[in-house]
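Trainee: Below are the features I grabbed from TrEMBL:
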DOMAIN    72-195  domain 'Heparan-alpha-glucosaminide N-acetyltransferase catalytic'
TRANSMEM  110-131  transmembrane segment
TRANSMEM  143-162  transmembrane segment
TRANSMEM  182-200  transmembrane segment
TRANSMEM  228-247  transmembrane segment
TRANSMEM  340-361  transmembrane segment
TRANSMEM  373-392  transmembrane segment
TRANSMEM  398-422  transmembrane segment
TRANSMEM  442-461  transmembrane segment
Amino acid sequence: MDERGNCSPIQQICDHDEEVFSIENGHAQEIPYLFPLVREGEESCTCDCKQSLNKNEEKIAKYSVESLPRRRLASLDVFRGLTIAAMILVDDAGGSWPSINHSPWHGVTFADFVMPFFLFIVGMSLVLSFKNINDKFDAFEKASLRALKLFALGVFLQGGYFHGSNDLSFGVDMKHLRIMGILQRISIAYFLVSCCEIFAKRSQISRREFPCFKVDAIKLITMYPWHWVFGLAVSSVYLGLLFGLIVPDWYFETDISKNLISNMGSNVRTVKINCDMRGDLGPACNAVGYLDRIILGINHLYRNPVYRRTQECSINSPDYGPPPPNAPAWCFAPFDPEGVLSSFMASVSCLIGAHYGHALLHFKNDKRRLYEWVAFGMFLNALGLFIKWLGMPLNKPLYTISYVCVTGGTAGLLFSALYTVVDVLKYRKPFILLEWMGMNALLIFVLAAVEVFPALVRGFYWSSPQKNL
């Protein structure tokens, strides 16, 4: 910078250690150092970056975007593969090791980090996908179509059509079709944050257009103000409904004799749950379940919720088991862990990933990126624990704000570690399997996590279904 505060041409393009990512067709590609291509004494620009590029800079920008091979962000693929592997481990071994299975209600376990990690990864990925937007409405159309496809696939896989690997029958009564699920939650979060990324940017800031634009942690936030407004608005509405909505008494039908594991015949009864309260965070009378019963209908909720593993509902707690003789009626009630209100709150986890993606794009070098990522991750963990101390527990089924902060901060710290090892230190080969899994995560989820592949294999048997491969 000279005495008048103008950036030199070298500073305008990049510092010598700068590493810039451009995006084409959803892939991050690294632009090499452009330092040797700039001539000293070329046209300068003020540090508020109001002056346009000169001809040399235009040629450099064109070279940077068009002539370089695409390169995926390997650490993000590894993180995605690690998360899908953790999901398969939890689904297959959670019954044998209840300590790694989902927490029955309050608290977090190993399994409870899987969903926020997926949402964090989705947030980072969509930032790379929508880095350069030529037509906002075309981008919105593509994002909407992707979200609809993902939602429909989720209903098909988890709506009840498949009965698991131990049951070779299929089909679902539409009166009891489960509407929400894992992919449905991801599709909602993806759509909402994509809309922020497409429409709510204050400006499409690009290093190619503003090479001397200097970014710090505060500017990174102010460059995307509506993202933070959206996150605060969603959190405020969530808190208002969670603690302000009065949950009335409600009813559901259940086969009591079946739930009590009795030899009696079917005995369907209508059970009343006494609530008439607000601000309750227990399984029976919370606002999250109440809104799901209103919006989705009680017959379209998940019928085997995790709170059936609580001490009140299972003699084998924290694992599933027969209910104790004095089990409360709500132990047999349906509840969807991926409900409507909690899924809207889950979009904040996706926003956290988007913030990390913005830091990847705008900060100049690995050291600066890692500093921002680690600092923000530690801040989120501290904030989540402080909110827990104030009285809001960590709870995945309700998707509380304390849970969002702790899991989002942990995701940021873990990604920072993977980025350091895989992309900075270049130790990529030990993670090649996880990277492959991350590049094919949806296929693996369909075949393994939803047990489609085991069901297909067990469909070939000798004499009886028990004699299968």
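If you go along the chain as it appears here, the first residue is 1 and each next one adds 1.
Placed from the backbone N, Cα and C atoms, the Cβ positions cover glycine too.
Please treat TrEMBL annotations as automatic predictions, because they have not gone through curation.
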Trainee: Take the C-beta pairs under 8 A between the transmembrane segment (340-361) and each of 110-131, 143-162, 228-247, 398-422, 442-461. Which stretch has the highest count?
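Mentor: The listed stretch sharing the most Cβ pairs with the transmembrane segment (340-361) is 110-131.
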Trainee: To the transmembrane segment (228-247), which of 373-392, 398-422, 442-461 is linked by the most Cβ pairs under 8 Å?
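Mentor: Looking at each of 373-392, 398-422, 442-461 in turn, the most contacts to the transmembrane segment (228-247) are made by 398-422.
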Trainee: For the transmembrane segment (398-422), what are the same-chain contacts with Cβ under 8 Å, counting residues 6+ beyond its ends?
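Mentor: Long-range Cβ neighbours of the transmembrane segment (398-422): 74-76, 78-79, 82, 108, 112-113, 116-117, 120, 124, 235, 238-239, 242, 281, 286, 288, 342-343, 345-346, 348-349, 352-353, 356, 366, 369-370, 373-374, 376-385, 387-388, 392, 428, 431.
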Trainee: Tally of helix, strand and coil residues over the domain 'Heparan-alpha-glucosaminide N-acetyltransferase catalytic' (72-195) according to DSSP?
Mentor: 80 helix, 3 strand, 41 coil
